[in-house]
Each structure stands twice: as C-alpha cells, then as structure tokens.
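Beneath this line is the structure, given in structure tokens, with notes to follow.
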Amino acid sequence: MRSVPKYLVTVLLFALACFLASASDPVPSKTSVLQSTIPLLLFCMDPKVVTANDFFFSGLQIPRNTANRLGSNVTLVNVDKLPGLNTLGISLARIDFAPYELNPPHTHPLGTEIIVVAEGTLYVGFVTSNTDNKLFTKVLNKGDVFVFPIGLIHFQFNVGKTNAVAFAGLSSQNPGVITIANAVFGSNPPINPDVLTRPSKWKIM
Ligand SMILES: *[C@@H]1O[C@H](CO)[C@@H](O)[C@H](O)[C@H]1NC(C)=O
C-alpha cells in the first residue's frame, strides 16, 4: 500500500481539530436546518493568517434606528460579523427599544441568553415548555440582569417613557431566532387557515 501523502494527513488533522473544537458549539450540525443563510460548516482559519481584526467588532455603542413596525432593533454580533467566534459557543447583541415598544415573543433554538439593561426599564419574561407553560417575569432597571434559558419563548418590553437599551450574551456563535407570530401567522406560503383556526377541544385556562 502506498503511503498517504503528508499534506493529506495535515489537512485531515486540521479538519479533525476543527471538528473537535466545534463540539463546544452545536451550531455546525444544526445550522443548515435552522438558518439556511450560513454555511453548514465554518472552516477554521489558518492561525498563520489570522489577525486581531478577526476577533474584533466595533460600533455597539451606536443607538439603532427603532422606527420600524416593532419599535425595537436587535444588532447581533454573531460569527458572521465576528469570524473569531467560530467554535467558541458565544455571541453578543445590542437591543434598542423606543418608548413602550417591544421585542416580541421569540426563541433562540441554540442559545441561552443573558441580558443586562444599560438604559431604561424593561418588563421581560419567558415561558417554560408544555409541561406547565409557566410564565416567569421581572421588571428590570439599569444594571439588572436576567437570563432566558435556551430554547424557551421570551420577550422584552420597554415599559418606560424613554428609550431603553440592553446588551445580551448568547451561548452560541449563531443562536438562531424564531419570532413566534411571524413563523405561525406570517409564514411563506401561509399555513392553511384551517390549521390556525381549528378550536381546541380542551379548555385552555
Ligand atoms: C436597525 O438599525 C439600523 C441602523 O440604525 C438600520 O440600518 C436597520 O434598518 C434597523 N433595523 C430595523 C429592523 O429597523
């Protein structure tokens, strides 16, 4: 048997190292299903060509435009914006809220979210799974921290008469997001109305 070329061994070892490193973040295996916009697997960069800029992002101090339908604006710094996050299982977001506006119920399938309020007052909450669908809420002021466990539906509502700003850490390089109302009532094509309007046989308390 001919011996395997040396370069092939190097390439395979490199790929294996990258695969093992990515085990800390479940993204590469589930990404294709959850977010078709990013590649199935992000390749590790050659350490020799990586620079400090691959680990750097600038601009999260800038207030975002909230003049949209929701009155809120999420700026997510994930692996698409900050390549150095690849395989590290973490990302960051800035969320801006106009007065009395909302980041509506949504879920991050791949990440837990921890937020800290930098400005204003937010009413936040999450709901547990179908075992009891229990709601946990809190009013957060500047400096307060709250955590939304992975996968659970949660929201943030600016209950103050000034703008609010929060920063969030997420335990995935690409946590994904599903806004419940958009997915159920705004799908493309729409879900058959019979599916959405059929009344439940069981009384919901
Ligand atoms: C969020 O803010 C940025 C910058 O202010 C703006 O370009 C973008 O369109 C805004 N997104 C939404 C959904 O309004």
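Backbone N, Cα and C atoms are what each Cβ position is placed from, and that goes for glycine too.
Computed from a predicted structure; not experimentally measured.
As annotated by TrEMBL, signal peptide applies to 1-23.
In terms of DSSP helix, strand and coil, the domain 'Cupin type-1' (58-193) has 10 helix, 57 strand, 69 coil. For 58-193, the entry in TrEMBL reads domain 'Cupin type-1'.
Of all Cβ atoms in the shown protein chains, 24 besides its own fall within 10 Å of the Cβ of Asn103 (oxalate binding site). Residues or ranges marked as oxalate binding site in TrEMBL: Asn103, His108, Glu113.
Positions annotated as Mn(2+) binding site by TrEMBL: His106, His108, Glu113, His154. Around the Cβ of His108 (oxalate binding site), the number of neighbouring Cβ atoms within 10 Å comes to 25.
The binding-site residues listed here are His106, His154; among them, His154 has the most other Cβ atoms within 10 Å of its own Cβ. Highlighted in sequence order, Thr107, Gly111, Phe126, Phe148, Leu152, Ile153, Pro175, Val177 have their Cβ within 8 Å of the centre of the Cβ atoms of His106, His108, Glu113, His154, the residues recorded for Mn(2+), and are not part of that set. Take the CB of Glu113 (oxalate binding site) and look out to 10 A: across all protein chains shown you find 23 other CB atoms. Taking the C-alpha positions, the distance from Glu113 (oxalate binding site) to His106 (Mn(2+) binding site) comes to 12 Å. In the predicted model, the domain 'Cupin type-1' (58-193) shows an average pLDDT of 97.
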